[in-house]
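J.: For reference, the structure I am asking about is given below.
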Amino acid sequence: MYKKGEGVPDFVLLNQITENAFIENLITRHKSDQIYTYIGDVVISSNPFKKMNIYNESDIKSYNGRYKYEMPPHIYALANDAYRSMRQNQEKQCVIISGESGAGKTEASKKIMQFLAYVSNKATLEGDKITKMLLESNPLLEAFGNAKTLRNDNSSRFGKYMEMQFSPSGVPTGGKITNYLLEKSRVVGRASGERSFHIFYQMLKGLSQAKLTELGLTSAAQTYQYLKSSNCVDVATIDDVADFKAVVRAMETLGLKENEQSSIWRILGAILHIGNITFEELPEQKVGQVSVGIKDPKALAAAANCLKVEPTQLTRALTYRSINTGVGRRMSVIAVPLDNVQAIFSRDALAKALYERLFQWLVTRINHEINANEKGLVIGILDIYGFEVFDRNSFEQLNINYCNEKLQQLFIELTLKSEQEEYIREGIEWKNIDYFNNKPICELIEKKPMGLISLLDESCLIAKSTDQTFLGQITNTFDKNQHFQSYQSTKDRSIGENCFRLKHYAGDVTYDVSGFLDKNKDTLFVDLINSMQLSADPLIRSIFPSPKPEDSKRRPETAGSQFRTAINALITTLLACSPHYVRCIKSNDNKQAGVIDEERVRHQVRYLGLLENVRVRRAGFANRQTYERFSQRYKMTCKQTWPTFRGSPKQAVEAIIAAHGIAKDEFRLGKTKIFIRNPTTLFYFEEKREEELPRIATLIQKTWRGYRARSRWNQRKAAIKIQLFYRNYRFRRWFRDLNRAMADVVNAFSYGKQIAWPKHPSTINRAVELLHKIHNTWRAEKMVMKLGAGAPAMRQKVLALDIFRGNKPWKCGRIFDADYLEKPTNPFQPKYVAAMQNLFSTYGDTEVLFADYVIKVNPKGVPQKRGIVVTNANIYKHDPKNYKVKKWGTPLADITSISASPNQDTFLVLHCKPPQRDLVLDLGINGYEALSEITTVIVQQVQKLTGIRLKVQFSQQITYNNARPKGADTHLSFQVTNDPKVTGSSFKKGKDHQATILYK
């Protein structure tokens, strides 16, 4: 678990629980770069004052999902515990980081946020966006809220409670920042060797020259009284230029618009210019009345330019104070000129108000971007100023140390006092351990109505009160209090006549009361507020809102009371969470790496109560849970309790403990809870639970899948049966309606053609389609039978419709007369009849199916008029003058296919088997279209002779061969013509075996 020479990783494991052994182990670990050590669940962090290579992505992965005892002590382990507890228990968590200034609290909070952001980001777009904004809020708030002090180059000068909000599955959904007690007095002054807030120096070095010129600024910090007064501008460990870039990047990530950023630089520039404003006394206008004017108008004009107000307005606000006189209708406002001291106070008050309100606007703006819409799980991280003791301690240090007293009290309540009280309440044997209880000092400061803050508020209400009268009042009040001392009560000259001393848990601190009343009143004259409300900059106007009418009748809350209320609200928030502690130790006051000051460390160990913490953990129990919760969480690890147990929760816990053979020294059974001594025992149960969960999950999944599959199958069978019955029902209903509609169809003229069928379900589309065909076939048969002698012609018309519909224009209404040459209109009818009788006797044909005059294209490509006769067996060509058969007949059985174009022409090509030649015929020379009739006759008769239906092709390109002897193919194409010589269709021979049919 740990290497020799590195000390023990948990102070609870020390052989001897003494202060010397504790200090020795801490120093040993610090010198070997083991800066983290445990006291049970508490992390002790010693500041190494150097960069440590233990915060890489690989380190985060190493600690993610691991139990504490599996890895060396690290702040990542604590962060992992908080995250796991939040997800497992669905409870709010908080991390309380404490320690004096420079102990490394801010860095600890950043490392915790870094870990949580990494492990909780589940690669969702929203989760990634939230984590980026949460992390980027750090450099922004550090720039505006941190400063270089004598003890810490990056000291937090405000308190921050960062809440990271998560969904139940642990994905980041938002965050919220609450800030406490910004040290705004640092804007106008500070101790020698310290700096103002980082952002001023970053802005001067980072803004472009053009922007600086626009704001009337120079990059030299020594130019500005507010920055040069403490004789510290540059810090070796700080890169202001790089930090400024990080601030701008953070602003962009957090959604601050360009105009908002511009307003921020404008306000900061105005503060620097305000600091350069000086005053001079003007000649008395009235006897005894002193007034001042602006000594350097350039500084005032530059400030007014940045604030976007008129210089005259700002001048009046800085040099006069408006006072209301009278009441009701007689009330009037008079302007009272300020003297030099009052004008300087007013100037500095404006600068502090501008900065404080800008800082609060930034926090609000960040919260607007990152705050989740819905409440969820939370991990809060408290990074608040540490205990402070300076050569001169004022109102700010009192508030800071009061805050630390409250947090120490919380630590005592949660880790020492409450733990011992719980053992007694649960009937667990326990040896009482003494600890320093700081409740009296907390009450001395905050108790109403006689606490220090209340007495200070009372003094602020009395017009003639001064800092000295306030000191006298608290001396009289706390004269007998062992935690309070003053010069008047002790005559101890080390205290000072203007001072009092409080005995804090961290040591004695002497406070100088000079300025206490003014700082507590936190007065900002209404003239200054009014002048800011006239600014042309919307951000400046927004941070100086007009007071509400009801607020003007109410006594304004003092700075001390506001802070007391905020701290008590924070304590309430922390008490609602499961706490995790980081106690930071400052290794030395010189901020030197590799150096540890034993006496400074010993002092911190004492006032933080770390040794008492070790004793409680050593004598106590690492974990306690109610019987209900323990049995519910670990019942699957024991056969007796899984899946159900009929006894009480306590009996279930006893069964689980017995099943795992846990030693008696490792646990105690209280009245309502089980107490587990070592974390390893709890980790053992967690591991067993993790081992069982996959098996249980698999069983649940298998059972559920089987149930779901059976349910789906039964539902499907039921659905199919229901569908079948319903379809049958709908079909029967539809068929009944159809029968009613078709009841007298046999007697109807059109046999039901005009009858509208009832609307049918889509599921019987195919059946309805078949019924339509049956009906159409029956109707056609009935109509054909009704025709009598015209039935054959009707059958031909039906066949023609099937062949030509959609393929080629044809005359559907024309009567198929078959033998047109036998008609009396033929002048050569007698010759034709004699020729047919001769043909029948010679060749054995029995019936003329079609006869008419046509144009036949001969092998030379010359069109010739011929009589064409289609008999029951052959096709004959006759000379139209003497009706002699030309050559020989073409057997119908030798025709292989028929070709025609899809156009208006009347040409037809009959393709034949060799040695027969293809026939190219024009069937439109008699003034009517006979192509459809001869095609139908040939198709019908060939099918009758051979049983095969000829294929009729329609194409714009036809290839045929009628050469004698058989030669090359001829390629026939079709073309529309406007030539007046062409009537109907005309054959035109071309070159290279090409031919064209011209048609209109």
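Yeah, the Cβs are placed from backbone N, Cα and C, and that goes for glycine too.
The ATP binding site feature in TrEMBL is assigned to Gly99, Glu100, Ser101, Gly102, Ala103, Gly104, Lys105, Thr106. Under the heading domain 'Myosin motor', TrEMBL lists 6-690. The annotation domain 'TH1' is assigned in TrEMBL to 805-1000. Sequence annotations record features per position, and here TrEMBL assigns region 'Actin-binding' to 567-589.
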J.: Around Ala103 (ATP binding site), how many other C-beta atoms are within 10 angstroms of its C-beta?
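T.: A count of 26.
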J.: Let me spell it out: take the region 'Actin-binding' (567-589), skip the flanking residues so only those 6+ beyond its ends count, and list any with a Cβ under 8 Å from a Cβ in it.
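T.: Residues 26, 30, 39, 41-49, 75, 78, 81-82, 85, 89, 91-105, 108, 112, 151, 161, 178, 180, 378, 380, 382, 386, 402-403, 406, 410-411, 414-415, 446, 595-597, 600-601, 604-605, 608, 610.
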J.: Let me know how many other Cβ atoms fall within 10 Å of the Cβ of Ser101 (ATP binding site).
T.: 21
J.: State the count of C-beta atoms found within 10 angstroms of the C-beta of Gly104 (ATP binding site), not counting that atom itself.
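T.: Within a 10 Å radius of the Cβ of Gly104 (ATP binding site) lie 25 other Cβ atoms.
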J.: Over the domain 'Myosin motor' (6-690), what is the model's average pLDDT?
T.: 88
J.: With H, G and I counted as helix, E and B as strand and the rest as coil, say where DSSP puts Lys105 (ATP binding site).
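T.: Its secondary structure by DSSP: helix.
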J.: I want to check the contact list for Glu100 (ATP binding site): same chain, sequence separation of six or more, C-beta distance under 8 angstroms. What comes out?
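T.: When sequence neighbours closer than 6 are ignored, Glu100 (ATP binding site) has Gly386, Phe387, Glu388, Ala506, Cys584, Lys586, Gln604 within Cβ distance under 8 Å.
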J.: Across the region 'Actin-binding' (567-589), what are the DSSP residue counts per state (helix, strand, coil)?
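T.: Split by secondary structure, the region 'Actin-binding' (567-589) comes out as 9 helix, 8 strand, 6 coil.
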J.: When a 10 Å sphere is centred on the Cβ of Thr106 (ATP binding site), how many other Cβ atoms does it contain?
T.: 25
J.: Applying the rule Cβ within 8 Å of the centroid of the Cβ atoms of Gly99, Glu100, Ser101, Gly102, Ala103, Gly104, Lys105, Thr106, what extra residues of the same chain belong around the ATP site?
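T.: So the extra residues in range turn out to be Asn47, Asn152, Gly386, Cys584, Lys586.
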J.: In sequence order, what residues of the same chain, 6+ apart, have a Cβ less than 8 Å from the Cβ of Gly102 (ATP binding site)?
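T.: Those within reach of Gly102 (ATP binding site), by Cβ under 8 Å and sequence separation of 6 or more, are Asn47, Thr149, Arg151, Asn152, Ser155, Gly386, Lys586, Asp589, Lys591.
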J.: Ten-angstrom check, please: count other Cβ atoms within 10 Å of the Cβ of Gly99 (ATP binding site), all chains counted.
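T.: Counting Cβ neighbours of Gly99 (ATP binding site) within 10 Å gives 23.
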